[in-house]
Structures are given as C-alpha cells and as structure tokens.
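Structure, as structure tokens:
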Amino acid sequence: MQIVLQVSIPQLKKMAAYYAPYAVSKAPKGAVFVAKLSQATVTAYKSGKVLFQGSGFKVEAARWQDNANQPTQKMNASHVTPGATIPTDFANWSVIGSDEVGAGAYFGPLTTAAVFVSKNDLDWVKALGIADSKTLTDAKMRDIAPEIIQRLPHHVVNLLPEKYNALQPHNNVNQLKAISHNFALHKVLEKIAPITPDAILIDQFAQATTYFNYLSKAQQSPVIRQNVYFTTKGEQYHLSVAAASILARVVELDTMVALSHEAGMTLPIGAGKAVDLVAAKLIRQGQDLNHFAKLHFANTAKAKSLVN
C-alpha cells in the first residue's frame, strides 16, 4: 500500500527536517532522504516526489497533502481524508485537545500540551483568532498564550534534551509522543474533574491502535482511551487542539531562549546544515550536547565530523 505526492522544493526541505529523527543513512539514487517510522517508510526524491509506504501510509501522507499536488499514484483507491472519523458538529463539543512540537528539531525539547475548551468557552477562544494556529506568528502566539493559560484548564509536558536522551534509547520518538500526550491528557482530566469532556482529540501522529500499543509497551497507567479521537490537522476540527498547539510552541520557544542563553549562542530550530555548524561549535567549546540536543539525530555525527 502506497501513495506518491508531488511537493515543492521548500516543502521538501520542511519534510526533511520533520523526518530527520527517523532518517536512515542509506538512500537510493536520486533520493533526498529515507525515513523509517514504525508504520510507514517515507522516501523523498530530488524531483519533489515523495513516496509513502506501509500500513500507516495514509496518516503520514495526510500531514502533507494540503501542500502537495494531487497524488501521482495510489493503491487500493484509498484517499487520505483528515477528519474522516470526526463526528458531525464536533467543533461545538466540549473537548480536550492535545498537540506536540519539537520532534523534528535537533536542539531543544519535545513539548506536548493539552487544553480543555468547554462549549461555554468556544466563543471566547474564537475571539482570540486562533482557528488556524499554524499560520500565527511566534509573536502573536506569545500574546495569546498567557490568556489561554489564565482561563483554560491545561497541562504541558516539556521533555528537555537530557531527559529525552535518557528515554529515547528505550522508546522511539512516537512512543515518547504517546507517553507525553497521555500524561498531559490525564492531568487535564484531573483538573476538570468531576466534569468530563464530550471527547478528547489528539493531533494524529500514529494510527490509534499503534498509539495505544505504545502506551501498553511503556506500561503507562492510567491510559486515557475513553472517547478519544485522532486526526491529522486537528486544529481544523476543534479549537482545543489549536490552543494546545500554541501553548506547546510558546513553551518550546521559551525553552530555546533559555538553552541558547546557557550555550552562549543562538540554537537554531530544525535539523539542517546550520544546526550541524552550531553543534560543531558547541563541541569545540567543550559543551555537552546532551544538555542541548536530541543526540540520536544524524546531526550529532555530522557535527562530530566537522570537528574532526
């Protein structure tokens, strides 16, 4: 089962950064990268064609389909449709939404936030102008985040590099995401008890069965599974996910400022060449990358090669 998308070169660069944690060292001729996830393999070519294969190909392709031309090839006539499982009128429900940032960035944390937006707060949240949180500037998010924090029940899991690096050898990136989402959701449920939300919406990064398998494997307790929905582009289906996305992003930005201050230099976001150069500089200065970066990224080896 597979699908091929045609994307622009700028979009291809974004995808390369996003999949950097999953990249393998060997790629076929003409390929920019090959990323192996638990349920899918993504192969991107210099031509802008990106091949998604495996049982989770739909979920992975859905992340990028809005910014791609029509698929050039599809198997089993499967169409990737974000939100296909979301009930009618879901946007008007009382929902806890969760989202994460930082998984594709070498420096900085993996940050996950969950926010409860009740029916009574929907109009207030709409007035903040966060419906399409992905288009907001960092400055605008910084303005909005304090209002969300003050009014809406929320919880943020900010997995700093040292903790991330301690956990990562025993948990793949998606498993760390699942653990963080589940913990954040549990904390918000505790805060709003005895109120129960109509639903929980997780911005999807894995198939539902895979997500719950991750939590079982990690022996998480309790596992939040009642009325849980998954979809990519979750912010388009409920404002709670948009609010969570903003909180996660602002906490990530604040953490990057703090880490940059400790490093004595600006730590770039992403996983490109600029990141390699800064990591190499940190090594030359005798600073510990474990404190600043996700060490399993290919950037670590690249930085060391620049030093040697």
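From the backbone N, Cα and C atoms, a Cβ is placed for every residue, glycine too.
Per Swiss-Prot, divalent metal cation is bound by D99, E100; the candidate from D198, D203, D254, D276 named for the same site is D203.
All chains included, 27 other C-beta atoms sit within 10 angstroms of the C-beta of E100 (divalent metal cation binding site).
Cβ-based crowding with a 10 Å cutoff singles out D99 as the top-ranked of the binding-site residues D99, D203. Along the domain 'RNase H type-2' (93-308), the predicted structure has mean pLDDT 94.
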